[in-house]
Amino acid sequence: MENLLDKVVSLCKRRGFIFPGSEIYGGLANSWDYGPLGHQLKQNLKKAWWKFFVQERDDMVPLDTAIIMNPKVWEASGHLENFSDKLVECKKCHHRFRIDHLLEAKTIEPKYDKEQPDKELSEIECPDCGGNLTEPKDFNLMFKTFLGTNEDTSTTAYLRPETAAGMFVNFKNVLNTTRRRLPFGIAQIGKNFRNEITPGNFIFRTREFEIGEFEYFINPKDWEKTFEMWLGEIKRWWQDIMQINMDNLVWHELKGDDLAFYSKRTLDIEYKYPFGVKELHGIAYRTDHDLTRHQEFSKADLSYVDPETNEKFIPHVIEPTFGIDRMLLVSLLEAYCEEDLPAVASAKEGDGETETRVVMKFPKHLAPIQVAILPLSKKEELSGVAKQIASDLRKNFLVDYDETQSIGKRYRRQDEIGTPYCVTVDFDSLEDKKVTVRDRDTMVQERIEISELKNYLLSKF
Ligand code: GAP
């Protein structure tokens, strides 16, 4: 669809999914706030992710670790040394750019070689003013802060750039307290911070974002079959739970220099965004690299003894990682639909003219509002019944109540935020004790007994 991203961004602002951050102060570049519907959608996504990958399995345990950790953690993980992007600066306007983005714009494959910087770079000018660019320099992406009142190197700490480290440093704690045997996983969802040089494309790349990821600890002899098992589960997640068009995913096996030296297999799961095919999330077999490094730097014993064979070894790990905000972006892009229908919600109504119905076709269980209660009149005799129905349903569903404007306009408003079911209460309801339930996707209406409404709706989710 043409201009899909613009349409989604505009709908998000208009309907309260996502607002530009700090807007009344003129905003803050690339920061976004989740509004009432966006927050609920995110909650639903995280809940579904947690249920699928953690709650429904017998081999996963949850964790919630600190955002600020001992700085030595980032020495061991390699983030202090290597978590950087290569930057060039314009000698004239002093704007800074990521080399890979400049080269990508010219469809040149970046080489990342310190000794021999990309020679094509000398031919690239500053995209803002046409000035000459400096030689590339490393720029660490971790956000620095200070603990306490003194600001010096002894108090320097970092906001975590990923949640994984918290799970590695607690490996022994979890093992000892839960008495788990391999294979098992530790999962967490949490905020992360990266001082991205070129954030952008709405919530695709921001400086603070959430990750849901898990470390699945294994005996190395099992890595191939375990990797396949997780790939299968990831496919099931996108197909059955997120219900996306699977043709929009690209399964990119990393090869050669793109594969980290310690990894035997890594896949980037990419998505066909309106701005190009780019990473959505990943899965990596990281061998015993992380626990070995943390053992080396902390001097703690992070080995595992197999209770059956008495074999002692550092567990290996398979790490599936999901950017929650990218998942949310994909759910918005996948849900957005426009349909031409006979006019009901505008001045054209009844003229035989058409109008565009915008519908967010979220999977029903992810929709931020599940049921809308719409009385046909604001009169007390109807609104009283309708409010009671809304109040009863709130115990089981996310419910909205709306009694303003024509029913056609109210249906369209609910379609636009993806509400799967609208329940209309009319004057007949007072006599026959029934209401009309309208399905968002088919727009088919059914008359249902009020006493059966809860069970009817429960059967639909
Ligand atoms: N522990 C592995 C790890 O952190 P990553 O590929 O650096 O891997 C994980 O990040 C996921 O977080 C990415 O696949 C992506 O979905 C999301 N992500 C990364 N940087 C992001 C950013 N600046 N804004 C939004 N999401 C981001």
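Including glycine, each Cβ sits where the backbone N, Cα and C put it.
Per TrEMBL, the substrate site holds ARG98, GLU319, PRO320, THR321, PHE322, GLY323; the candidate it also names there, chosen from GLU162, GLU253, GLU381, is GLU162.
Cα-Cα distances to PHE209 (ATP binding site) place GLY323 within 10 Å, out of the binding-site residues ARG98, GLU319, THR321, GLY323.
Within the model, the domain 'Aminoacyl-transfer RNA synthetases class-II family profile' (6-342) shows a mean pLDDT value of 93, rounded to a whole number. Taking the Cβ of THR321 (substrate binding site) as centre and 10 Å as the limit, one finds 17 other Cβ atoms among all the protein chains shown.
Cα separation, PRO320 (substrate binding site) to ARG207 (ATP binding site), rounded: 21 Å. In this structure, ARG194 are the binding-site residues from ARG98, ARG194, ARG207 whose C-beta falls under 6 Å of some atom of ligand 1. Counting every protein chain shown, the Cβ of ARG194 (ATP binding site) has 21 other Cβ atoms within 10 Å. Distance from the CA of THR321 (substrate binding site) to the CA of GLU196 (ATP binding site) is 19 Å.
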